[in-house]
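The annotation ATP binding site is assigned in Swiss-Prot to 226-234, 411-416, D497, 509-512, K632. The region 'SBD1' annotation in Swiss-Prot covers 298-411, and the record cites similarity to another entry as its basis. As annotated by Swiss-Prot, region 'SBD2' applies to 412-477.
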Amino acid sequence: MSYTVKVEEARPATEKMPSAGPVYRSIYARDGLLELPEGLQSPWEFLSGSVKRSPKTPMLGRRQIKDSEAGPYVWLTYQEVHDEAIRMASAMRSRGVNPGDRCGIYGTNCPQWIVAMQACYSHAITYVPLYDTLGPNAVEFIINHGEVSIAFVQENKISAILSCLPNCSSLLKTIVSFGNITSVQKKETEALGVSCFSWEEFSQLGNLSGELPEKHRTDICTLMYTSGATGEPKGVILTNEAIMAEILSTDNMLELTDKVFSEEDVYFSYLPLAHVYDQIVENYCIYKGSAIGYWRGDIRFLMDDLQELKPTIFCGVPRVYDRIYAGIFHKVSSGGTLKKMLFQYAYNYKMANMEKGLPHGQAAPLMDKLFFDKIKQGFGGRIRLMFSGAAPLPHHVEEYLRVTSCAALSQGYGLTESCGGCLTSIANIFPMIGTVGVPMTTIEARLESVPEMGYDALSDKPRGEICLRGTTLFSGYHKREDLTKDVLVDGWFHTGDIGEWQPNGAMKIIDRKKNIFKLSQGEYVPVENIEGIYLQCPLIASIWVYGNSFESFLVAVVVPERLALENWAANRNLTDDFKSLCENPKASKYILDELNSTAKKHQLRGFEMLKAVYLEPNPFDMERDLITPTFKLKRPQLLKYYKDHVDKLYSEAKEARV
C-alpha cells in the first residue's frame, strides 16, 4: 500500500533547471490540503479556546525548589496563564511596544517563556527567541538584526544580555527578568538608557481591562533564527497562518492515524523552546488543553523530573533516544544468559506480530507485562506516544524502542523553514521504520534531481533534493532577499536534504546537498566555515571535516604540512619518514590537539570540535576525483574514498569515551 498520492506529473530537465519527480501528497490529503477554519486568525485563539472549555485545567507546571531539594510539580491553570499573559501584554503596551514590534525571549524552558510568548500572541507582537548556541555573539546579532525592543530574560541570562547592551541599547529599551533583578543590574541598565524590571514589577504595570488588537493570518508571528552557511544566523519569518496550519495538521495526522492529545495528557518539556520543534509541540498541547511540565534545566536531574511528572507524551532527538537504547541494551546484556535469551524471545515474538500489522498495544500484551513494562516505567510509567525529530533516527534504535517502550513512536522530518514537521511516519505502520514518513496534510513534496551528485528523481529508485510546497512554509529570511531567492523557487522550498521515495510512499533521508549538516543532537554544522577556521592552524595543508547525522561529533581527514610535522618529529628524536609519521598515533594526537586549540581560539562551539583525525600523507587531488579543477572539495567522493577510515575514526572515538 502507498501512503501518498500523485497530484502533479514529473518535470523534465531544461537547460536552466534539473528534472523533478512527480508531486505527492499524503493519502489523508488526497482531496486537497488542509485549510484553516474560517475566522481563525491567530494562535492566541488556541489558548482562549482552551480557557473557555476548561479554565481550571492544569496548564504549566514546574517543581518548587526548597533547600536545594525539588518538591512536587506546582501548576498554573489555563485561566491563570491567560490572565498573566494579558497583564504582561498590557505592560508591554505601556512601555511603547506595539503590534508588529519585536519581543525577545531568552532562557531555558519554563512557564514564563510560554507566558511571554502568549502575551505576544494576544497583542500581535512578533516574538523572537534568543539563544547563544548559534555562536558567542548570536544574541547581540539577533537583537540588532531582528530590531528587538523588549526582552524577557531568565535570571541567569541577565548578565549575558547586559554584556550586549553597549552595542544594542539604541534598540533594546526594556528588559524583564523571569524572576528577580538586582539593584546593581538596574543601575547598570539605567546608565545605558534601558529599563530593567523583575517579573512581578512588570506584571503590576499591566491590567486585564482593554480590548485586544485585531489580528490577521498574515501577521508575522515569530522571527526564528537558525544557522547560516557562513555562521551568520538567518531570521526565518513565520506567519500566524504557518504556525496554526502546522498545529492543525499535527492534530489532523494524529486523529487519522493514532490518538490526538487531550486534557488527560501531560507533556515533558526539556527540548529547547528556542527551537521550532518544541514550540510547535507546546502550542499543540495548548490547543488541546494538555498539561506541560518543565524540567529543572539541569541534565543531572532530568530522569528525576521525568519520574516525578509521569508524562504521557515524550519528544526527543536521536542522541537522546540513542542513549536510552544503549542503557536498555546494556541492562539486558548484563542480566545473565537466561534473562537475555528470554528477553530476546519476547522481543522477537512482539516484533513479528507488529510486522504483521498489529498495533504495539495488541502485539504481545503478556510480553509487555513480563518484560517491557519495566522499560516504560523508566519514562514514568504512563508514556503512550513518543516523537523523534531534528535528525535521522537510526533504524535499529527506532525498531528497538517501538518494540520495547510500550508506546507509539513516530519519526518526523522538518526544518525551521517548514515550521517544524513537514513529513511524519505513522506510528503503527511498522514498515515505515527507518523513514521520516509521508507529507503532513498541509504539504506537497517532490524530489529534484541533483546530477552532480548522481541523484535522479526520475529513476526507478527516485532520489533527489527534497522540495516542499504548502501553507506551513516560511515567508522568507528577514532582510535577506538574496538567501530567500536561493531556496524559494517558483513556490518550492529547496531543503538541501537528499531523499529517496520508498515503495510505500514514505521518504528516507539519505544525504545532504548543502555543505551544512546536522549532528544527531540536532545541531547544524556550517562545514565550510569550520574548515576555514581549522585551516588557520599552521600544521595542516588541507582538511575535510565530516559529521555523520547519526553521530554527535565531528571527525576529519587532514593533510599535514610536511615540514611542520617533520620538525615536530625531529624535536622528539623520531626518525620515521613522512608516511610513517602520518600513521603514528602520537602525531595524530598532536595534530588533533593543535586543531582544537585553533578552534577554541576562534570560539568554535563544543560540537564543532574534532574528536578524531586521520592523517593523509598525499594531498587531495583530481586524479582520485577528490577535488574540482578549482580545488573545491568533492564531499560525496571524499566520503566514498575515505569511508573505511571515517568508520574507524568514529568507532575508536566512541570506544575512547566509554
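Positions of Cβ are set from backbone N, Cα and C atoms, glycine also.
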Which of E232, D497, D511, the listed binding-site residues, has fewest other Cβ atoms within 10 Å: E232
Nonlocal neighbours by CB distance (under 8 Å) for Q411 (ATP binding site), same chain, sequence gap 6 or more: F387, S388, G389, P392, L393, E398, T424, S425, T435, V436, G437
Secondary structure content of the region 'SBD2' (412-477), with strand meaning DSSP E or B: 9 helix, 30 strand, 27 coil
Helix, strand and coil residues within the region 'SBD1' (298-411) as assigned by DSSP: 73 helix, 12 strand, 29 coil
Neighbourhood of G414 (ATP binding site), C-beta criterion under 8 angstroms, separation at least six: V276, Y277, G389, G420, G421, C422, L423
Mean of the pLDDT scores, which run from 0 to 100, over the region 'SBD2' (412-477): 94
